[in-house]
Amino acid sequence: MWLYVVIAAGVCGLAVVLAVRRSLLIVTVAGASMEPTYRDGDRLLVSRRRRPVVGAVVVLRQAALAGAAAAAAVHRNPYLVKRLVALPGDAVPDAVLPALDRPAGTEVPEPLEAAAPAPRAAALVPAGSMVVLGDSPHSVDSRAWGLLPLRHVVGVVVADLRTADR
């Protein structure tokens, strides 16, 4: 009888572990693109189930970025941490407009601030797309990449796990 109890407890424990792993992820920040909010090496708890909203810090799959974006975003982990600034139907921020006019894979002008947008009617983020920016003005983000597919979002940051001394 006790053997069945041990097996049942083990199965329940395994089910809990699998459920947590499917809904939560711990990600390490790589680089300075989210400073001052997060620093290189900070650890973040990410919910895979929470719906991304404007203003939230999201985690993206780095491998999902193609061409120049992938070359510009070489980090030591498979994830990028950025702030979501526009969702489908929202206006595209002025700082991102030049990236929409560049053909995919072309060089990004340096510095990013020097790329003034051409006058145009307000552009809206299309269905299935988003705009992300780093908190640092020197971040490589939608100002270089343009619009990104929403499907690249892995999850939303729900907690900062860094130590109290920072």
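Just so it is clear, glycine is given a Cβ too, placed from its N, Cα and C backbone atoms.
Residues or ranges marked as transmembrane segment by TrEMBL: 6-32.
Confidence for the domain 'Peptidase S26' (11-158), expressed as mean pLDDT, is 81. Marked as domain 'Peptidase S26' by TrEMBL: 11-158.
In the shown protein chains, 24 other C-beta atoms lie within 10 A of the C-beta of S33 (active site). S33 (active site) falls outside any helix or strand according to DSSP and counts as coil. Annotation comment: TrEMBL describes S33 (among others) as active site.
Sequence-distant neighbours of K82 (active site) (same chain, 6+ apart, CB under 8 A from its CB) are S33, M34, V57, V58, L60, V132, L133, G134, S139, D141. The active site annotation in TrEMBL covers K82 (among others).
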